[in-house]
Amino acid sequence: MAPPKAASHRPAVRRKKSGTLVDSILDKYLNVRFFKYLLLEPAALPIVGLFVLLAELVINVVVIQRVPYTEIDWVAYMQECEGFLNGTTNYSLLRGDTGPLVYPAAFVYIYSALYYVTSHGTNVRLAQYIFAGIYLLQLALVLRLYSKSRKVPPYVLVLSAFTSYRIHSIYVLRLFNDPVAVLLLYAALNLFLDRRWTLGSTFFSLAVGVKMNILLFAPALLLFYLANLGLLRTILQLAVCGVIQLLLGAPFLLTHPVEYLRGSFDLGRIFEHKWTVNYRFLSRDVFENRTFHVSLLGLHLLLLLAFAKPIWTFFQSYVRLRRIEDQLQPQITQQNLQLKAQKRPKKVEKDKDKDQKKFTTEQQSFLKAFEKSLQKASGGKATPAPAQAEPERYGIHFDRCTQLALLPFFLCNLVGVACSRSLHYQFYVWYFHSLPYLAWSTPYSLGVRCLILGLIEYCWNTYPSTNFSSAALHFTHIILLAGVAKQLIQTMRINNAAKREQQEQQKKLQ
């Protein structure tokens, strides 16, 4: 990679020599080029994200005020928590109108707090606004990840957020516990990418304590731990997750441990066929057949094994780039300080600075390979550096390497969703916010990517599910997985070619 490019990515706009400040602002921002930048350039997502959050605030308020609330599980949640608050710690005795309590202890504590805040669960409108806050907070965390990765154009996220009726319904009209678990999960992902490991492990374990579907991310997290921390520190983080589960479950484990484990972590629970979104075309007998369940579990494990090597390679590349960032960032900071301190240094000082601050050949080749691989993986073209232009400041957007971390996490979750024994409508939040990222991680055309997202939205909005909607959902999952797999193979080839090129350059230097 050539010396770092200027950090600014906004389109250049000619400025008038004279005029008021207002004229200057209008000339700079109220033009077609700037609007195209906001819609198409991933680097503009932090700006666009603010408008998305403000618009979503209005949308959620309108939905709460105008669309009737639908009671499904809220009353049952309150009944289950009321039993706990009355002193019952036997999970087999904690029940609601829809059946026994089947969620871990963190769910009980969170919804017990909501029980008190909402006047024993009677103030549903207040609960709806609390869940609107959960929605906005989670969306902010999701947008932060997308902003770091710079992979998906802003207009895709805008359309995805504004057009999903089902997602808004799940959050503010149904009050399910799935949004709470997913919120904690995205908080954990943000913390992991900030390298705040113990806090991230804490939030991940809390998410599992709300609902077990978060364990679908666990295979990727285990490899991420190992790649970043090594074996001993990985064991420490796993211990953090385990201790939190023990602390959360202590009131139940110390009194009725078997009932707690059987009730909250029941992997063999049979789902009702009438609520399935993905297997409507199967008969009830096949749907509830144990052999069918074991077959899906086997397929899940086989897919995880098939993706294990590229996932591990992605994580290793991510770790190497973070180490390069740690090496180069002090140099970049020093160069920016020098540029700020003096506009035109003397020639002697220039030569001295070049000798001291010049990136090593290994660093340059590694960064060049990284930039090339990410550009090809995202389908983008290299941005030519302006010839003989003196940058205002140096900068390398190292956070773009989060692409190497996010895709494996989202992919593992998608595999789990695709192989699920049954999907209910509220389960859409498990992977909804990762779908644009996954679609843009395929080599498909823009039209095919949008078609995939549109079909998935159609399937989840079809109520009750039909044979066609269930089959279409499986079809889109398969197409999406196949596209991601193809892109992974291409990226692996690019990575291997970059390694060979780097090795050849090192041999020449020797």
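Glycine is no exception: its Cβ is also placed from the backbone N, Cα and C atoms.
The compositional bias 'Basic and acidic residues' annotation in Swiss-Prot covers 348-358. Residues annotated as region 'Disordered' in Swiss-Prot: 337-358. Here Swiss-Prot flags 1-43, 119-125, 193-211, 255-294, 486-510 as topological domain 'Cytoplasmic'. Annotation source Swiss-Prot lists topological domain 'Lumenal' at 65-97, 147-171, 316-403, 448-464, citing a curator's inference. Sequence annotations record features per position, and here Swiss-Prot assigns transmembrane segment to 44-64, 98-118, 126-146, 172-192, 212-232, 234-254, 295-315, 404-424, 427-447, 465-485 based on sequence analysis.
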Region pair the transmembrane segment (404-424) / the transmembrane segment (212-232), three or more CB pairs under 8 Å:
yes
Considering only the recorded stretches 44-64, 172-192, 295-315, 465-485, state which has the highest number of Cβ pairs under 8 Å to the transmembrane segment (427-447).
465-485
In contact by Cβ distance (the transmembrane segment (465-485), the transmembrane segment (126-146); 3 or more pairs under 8 Å):
no
Counting only residues 6 or more past its boundaries, what in the same chain has a CB within less than 8 Å of a CB in the topological domain 'Cytoplasmic' (119-125)?
64, 69, 74-75, 77-78, 82, 175
Can you tell me which recorded stretch out of 44-64, 98-118, 295-315, 465-485 has the most Cβ pairs within less than 8 Å of the transmembrane segment (234-254)?
98-118
Over the span of the topological domain 'Cytoplasmic' (255-294), how high is the average pLDDT in this prediction?
92
From the DSSP assignment alone, can you count helix, strand and coil residues within the topological domain 'Cytoplasmic' (193-211)?
15 helix, 0 strand, 4 coil
How many of the residues that make up the topological domain 'Lumenal' (65-97) does DSSP mark as helix, as strand and as coil?
17 helix, 2 strand, 14 coil
